[in-house]
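A short worksheet on the structure shown next.
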Amino acid sequence: MKFLIVLSVILAISAAELQLSDEQKAVAHANGALCAQQEGITKDQAIALRNGNFDDSDPKVKCFANCFLEKIGFLINGEVQPDVVLAKLGPLAGEDAVKAVQAKCDATKGADKCDTAYQLFECYYKNRAHI
């Protein structure tokens, strides 16, 4: 149970700051649990990611990020969906703030779609104070 709670915390990139609805939290929790199981990440890896530790280059962690971002519609086949990101985060954080972070992060490209997702997650995490 603690593992699922940890996942729900890391999944929406500062969910508390964004004040997600109960429904949004439930969806994030379910998607996170599914992706964690699918990719086989450990509790320690989830905690590290939640705490902003992006030193883990384990492909499982990177593919977890990809799985989650695809489930919520932010990525499709490694490509950022800027309209979806703005539609989902804009009402929570303000469109101008989200657009500013998008300008910094959305051109991120990694070696493959999992690496791209991980780098994108890291960029959004590091710029979360702006959204």
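Each residue's number is its place along the chain shown, starting with 1.
Backbone N, Cα and C define each Cβ position, glycine as well.
What Swiss-Prot records for this protein:
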SIGNAL    1-15  signal peptide
DISULFID  Cys35-Cys67  disulfide bond
DISULFID  Cys63-Cys114  disulfide bond
DISULFID  Cys105-Cys123  disulfide bond
Checking the disulfide-bonded residues Cys105, Cys114, Cys123 against Cys67 (disulfide bond) with a 10 Å Cα-Cα cut-off, in sequence order, leaves Cys114
Within 10 A of the CB of Cys67 (disulfide bond), the number of other CB atoms across every chain shown is 22
CA pair Cys114 (disulfide bond) / Cys35 (disulfide bond), Å rounded to integer, equals 12
Taking only the CA atoms, the spacing between Cys105 (disulfide bond) and Cys35 (disulfide bond), expressed in whole angstrom, is 23
Reading the DSSP string in three states, the entry for Cys114 (disulfide bond) is helix
